[in-house]
Each structure stands twice: as C-alpha cells, then as structure tokens.
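Trainee: Structure below; questions to follow.
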Amino acid sequence: MEKELKDIRAYHLKVIEEKLIELITHKNRILAVQSEEIGEFKKSFDEFKPLTQIIQKTTRECLSDFQSKLDEADRQAIQQFHQQQDQLEYHASRLNQQQSQMQSIQELFEQQTRQRLQIAEMQKAKERILIELQQTKEELEQKKFLKQQLMNNFKLSQQQQIQLQQELKDTEHQKRYWNNLLQEAKGNIRVYCRIRPNSQEDMLLLNGECTLVLRVPERFLKSTNCQKESSFNFEHIFSQDADQQEIYNELSDLVQNVVDGHNVCIFAYGQTGSGKTYTMQGDDYNKGVIPRAVEQIFKERQGMLELGWQTNIRVGFQEIYNEQSRDLITNQKCDEVKLLDVKDIFEVAEHFNTAKKNRQVAETFSNEVSSRSHFIFQLNLQGHLGDKQINSTLNLIDLAGSERANVAKTEGDRFTETKAINKSLSALGDVFNALYTKQQHVPFRNSKLTFSLYKYMEGSSKTLMMVNISSRSEDFQQTLASLRFAEKVKSCSIKK
C-alpha cells in the first residue's frame, strides 16, 4: 500500500514538474515578445518625439493666444457690465426721484384736500362764532343792565347786612338774657337723680318723670308698722334705660349758660359704685358729661368767633384728697390750680388723660376701683366784643363715694380716706343748708372742696346735683341717705 502511495506521489510530482517547466517556458516566450514590442515602441516614440515637441509648442502658443483673446473678451465684458450697471443705477436713481416726487405730489394733494375741508369747517365755525358773538353781545347788554341792578341791590344789601349784624348781636344778647332768666326760673340750684344702669333688683319705682318711690326691703323693716316706702320728688329722674345722650340733653342748657357768661357747677354725688364717674366721664363708646360739655362749648365758641368775639379757653384739673388740693397736670400740691390755655378739644383730651392717670383710686369693699378723691374739672371761657365781656367757668365735679366707713368696711389708709371724704361731703351739705336757710355766713371754708368752689356757687351761678343711686337691696341705706341729702339740696337757693 505504501508503495502504491509513493508511486502516486511520484507520478503527481512528475506531472507538476512538467507543468512548471511548461509555464516557465511560456513565460519566457511572453517576456521575449514584450521585450520586442517595447523596443519597437521605444523606437517609434523616439521617432515621434520631435513631432510631439512641435505639437506641444504649437498647442502652448495657441493656448496663450486663446487666453489673451479670452482675457480681452472678459475685460470688455466686465467693462460692458459696469457700464450697464452704472446705467441701471442711474435709471434706478431717476426712478426713485420720480417716486419721491409722486409721493410728494400725493401728500401735497392730500394736504390740500385736508386744508379745503378745514377751510370749509372754519367757514362753518366762523358762521357759528358770528352768531354766538351776536348772542354774547346781547347777553352783555343784559348783564350790564343786571350788573347795575346788582350794584344797586348790593349797596342796599350792605346796609341791610350791617343792620342784620346789629340785630343779630342784639338778638344774641337777648338770647343770653332770656336763657339766664329761664335757668333762674328752673332754679339756681337743681337736683336730678339717675338710677344706676343694669341694676338687678326692683327696689325703686318711678312714678312719672319727677317722682321716685323707694321701697324698704323686708330685712330693714324693724316692725310691720314701719313705713314701707318713701317718696322723693326731683326736677328730673333718669331710669336705668336712660343713655348718656339723654342725660346730657337735660344738662346742655346749663352748659349754654356758661357761654352766656355765668358760672356753673355740676356735681355727681352718690355712693361708691353708683355710676358717678361713668356719668361724668363715660367710656370709649358712651361719652359722659365732661367730653360732651367740652364739645358744646367749643362749638358755641366758633359761633362767637363768627360774630366777631375774641375768645380764650383755659382748663384745669384738680383733685382733693385727704383735704389736700393737688394739680393733676403737674401732680403737685397747690392752693390754686393753674389753668392751661387750649386751642381745641384734642388738647383738652390730652390733659384729661393725664389727669385721670394721676387721680387717686383704690379697691374698697364697695368697688374694685373706687375714686378716693374729689375730681374737679374747670373750663374757663373769656371773651370780649367791643364793650361786652364775659368771664365764666364751668366746674364739673366727680365726688368721691359717699358711703359710711362701717358699710365700706375700710381700715387703715382706706378708713382715713373715707373719713376725709365724708367730712368734705358733710361740709358740702352744710353749705347747701346755709344757702337753704339763707344764713348770712355760708361755711365755704370748712373743707377744701367747698372753699375751692365758693366763688362759683354765689351770685348768678347755677348749680346742679346729679344724685346717682343703686336699686340693689344691700345698698338700701346708702340709697336712702343719698336721696335725703339730694332732697335737702333741692330746697336750697343761691345766696345773692
């Protein structure tokens, strides 16, 4: 087998060798043929080389000549292009000029059209103005006539105005005179009574506007035969439902009397917690007598200024505590309060707030914040008109509580305060009693309170006592004492 393989391999190698020899022989023949062809080509090339050089030279010369002609043609074409471009720009410029001229002509035409319309409108306006001028001329003629009439009437009115001003002054004087007579007819000393708002028990019974019935609670009856009720009569009695405005409406005539030139004193009297301070000062929502009186006087003052009066208003705030007088603005002890000039109600309010902060208050059995002093607000009004003069003072007094020491259950400093308060209130009662009995000597000097007010309680002065009472049964004795004191004051008259 191996021998056969070797023979086959040898056979194939021999065949391959023969093929390679045959290929090499063929290659050599091809190379010989190519060599011959190359020689012939080289020979031909050498023959055509001079001709080729001539052709190249001729071609270059032709190309150079053609390039020159082409450059000349380009130059001429560019020159023609620039010439045509210049012509186009010239024609475009001419066209723009013509368009501008056309636009100007159009604008001029439109302007002329508007002017013609304006001229037409002006012509119409001129016709209207001519008509209006004619009407105005006629109106001027009428106004000249009316002006002459008005001048005549004005001269007459000036004379009438002078006469009316004089009549107004005379009327004002008569008004002051008759108002004073009216106040004196009502009484130079009068007593009003106010039942504390929001009282819970019905110990008091109103019988009309001037009569009050006080019913005695059973626990205060010593026997069944005792008097069970007492009746009191006053100029006016305000029920629990009366508001601050209603109260002031009844007092406003007295305040007007100050503007008329007379001194006025208004007292708020009663036990602690009966509503004295509320009546006199009020709160942020319900103004009391003091702020309402200030507003009224400043309003009346404005009317006086319009009539030609020269006026000046001054105010002072005084506290009497333990028989010592103190200025509540300077917070210093004093024998006489210094009055401060004020321009408007806002200045008064500022001083009033300062005075309230400096006033003595303390807690007692009857009230959490009890006024332990007498508070006096003074407003002095001075004025003159020609030979007429006024100098009057309004005194608004918030008295300290009038309860007895054993009822208030005070001790220590509070007991001393209560004794001083009751002493001054007793002195005030003695003054009213002296006025009532027409004694020659009125004991104004028995207390700081009465001595501070004596010159405002004599002559043509007017005095009002506003008695504040409570309807609670536990306050019966104090209410009864307050009503009896008020009834006694009601019978007094001012010494002249």
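From the backbone N, Cα and C atoms, a Cβ is placed for every residue, glycine too.
Annotations in TrEMBL come from automatic prediction, not curation.
Grabbed the feature section from TrEMBL, which reads as follows:
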type	residues	note
BINDING	Gly270, Gln271, Thr272, Gly273, Ser274, Gly275, Lys276, Thr277	ATP binding site
COILED	95-167	coiled coil
DOMAIN	188-492	domain 'Kinesin motor'
Trainee: Given a separation of at least six residues and a C-beta threshold under 8 Å, show me what packs close to Gly270 (ATP binding site) in the same chain.
Mentor: Lys276, Leu399, Gly401, Ser402, Val467, Asn468, Ile469, Ser470, Ser482
Trainee: Find, among the binding-site residues listed as Ser274, Thr277, the one whose Cβ has the highest number of other Cβ atoms within 10 Å in the structure shown.
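Mentor: The residue with the densest Cβ neighbourhood is Ser274.
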Trainee: Summarise the model's confidence over the domain 'Kinesin motor' (188-492) as a mean pLDDT value.
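Mentor: Summarising the domain 'Kinesin motor' (188-492) by its mean pLDDT gives 85.
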